[in-house]
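Working notes, beginning with the structure itself.
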Amino acid sequence: MTKKMGLLVMAYGTPYKESDIEPYYTDIRHGKRPSEEELQDLKDRYEFIGGLSPLAGTTDDQADALVSALNKAYADVEFKLYLGLKHISPFIEDAVEQMHNDGITEAITVVLAPHYSSFSVGSYDKRADEEAAKYGIQLTHVKHYYEQPKFIEYWTNKVNETLAQIPEEEHKDTVLVVSAHSLPKGLIEKNNDPYPQELEHTALLIKEQSNIEHIAIGWQSEGNTGTPWLGPDVQDLTRDLYEKHQYKNFIYTPVGFVCEHLEVLYDNDYECKVVCDDIGANYYRPKMPNTHPLFIGAIVDEIKSIF
């Protein structure tokens, strides 16, 4: 007999339409409304990348691809998909309540972020656990999946494909910048989070398996809290690497993200490219995983290792 289980896919969320931007931003800021200037800045960024972020559609596609792959991988389990978002509807709590209404008593949870930190993945899991406890739903959490061979294979392939576009004699003048979303330094230290080490490990695995010679680790998209965040920032890092090594080609792999969205399309494709243009270097940024079978397969393999 087939066992019915929930698959709770959790993600950050993004505004669906312009009128969502203010409540979305207010939720990110724990209920504190943004100033007109801050709101306009965010609207300008969305406008710059061609309108609202494609994240919402991509998140849906990733969740659909994952539940489909899982149902093929497990002959004796039927997974039903639930989407829970951090900062916009359907919220994580709504998804767990819907599970209960559908009679689901057990579920696997996955956050669309490959590295673990208590600030990101841990906070999603906590919200899901608190809601699930009301209904007696048992949750099994995927903590991370950056070590999965298919995840590393995806990025290794992308790095090698990008290198193939660069003349071989310039490979020695090419650097790979591996990055993830910066987080408050104090929180990482206080919780002894493995987050920075997990990014370093990702970079090492990519370097070992790809043809890249030079590699550097950076952080991006830090918040404006007035407290120190993990660094160096990718823009500062780019200038620093150029000053020290005169690299001609910069390849950016924001491996902490899983699709094209504001942080990649603006913070990398605009802000980092501006720096590259300024120093006279070439900017490269391979395609993000989105629904690539290797990426979806990496999450399936991680689930198989814990369930």
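From the backbone N, Cα and C atoms, a Cβ is placed for every residue, glycine too.
Taken from Swiss-Prot, the feature Fe-coproporphyrin III binding site applies to Tyr12, Arg29, Arg45, Tyr46, Ser53, Tyr124, supported by sequence analysis. What Swiss-Prot lists as Fe(2+) binding site is His181, Glu263.
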Cα distance (Å, whole number) from Glu263 (Fe(2+) binding site) to Tyr124 (Fe-coproporphyrin III binding site) | 20
Could you give the Cα-Cα distance between Tyr46 (Fe-coproporphyrin III binding site) and Glu263 (Fe(2+) binding site), in whole Å?
-> 10
Taking only the CA atoms, the spacing between Tyr12 (Fe-coproporphyrin III binding site) and His181 (Fe(2+) binding site), expressed in whole angstrom, is 12
Provide the number of Cβ atoms within 10 Å of the Cβ of Glu263 (Fe(2+) binding site), excluding the reference atom itself.
-> 21
Most Cβ neighbours inside 10 Å, all chains, among the binding-site residues Arg29, Arg45, His181 | His181
Cβ-based isolation winner (fewest other Cβ atoms within 10 Å) among the binding-site residues Tyr46, Tyr124 | Tyr46
Could you tell me the C-alpha distance between His181 (Fe(2+) binding site) and Ser53 (Fe-coproporphyrin III binding site) in angstrom, no decimals?
-> 17
What is the Cβ neighbour count of Ser53 (Fe-coproporphyrin III binding site) at a 10 Å cut-off, with all protein chains included?
-> 22
Within 10 A of the CB of Tyr12 (Fe-coproporphyrin III binding site), the number of other CB atoms across every chain shown is 21
If you measure between the CA atoms of Arg29 (Fe-coproporphyrin III binding site) and Glu263 (Fe(2+) binding site) and round to the nearest Å, you get 17
Reduced DSSP state (H/G/I helix, E/B strand, rest coil) at Arg45 (Fe-coproporphyrin III binding site) is helix
Fill in the CA-CA distance, Arg45 (Fe-coproporphyrin III binding site) to Glu263 (Fe(2+) binding site), as an integer in Å.
-> 10
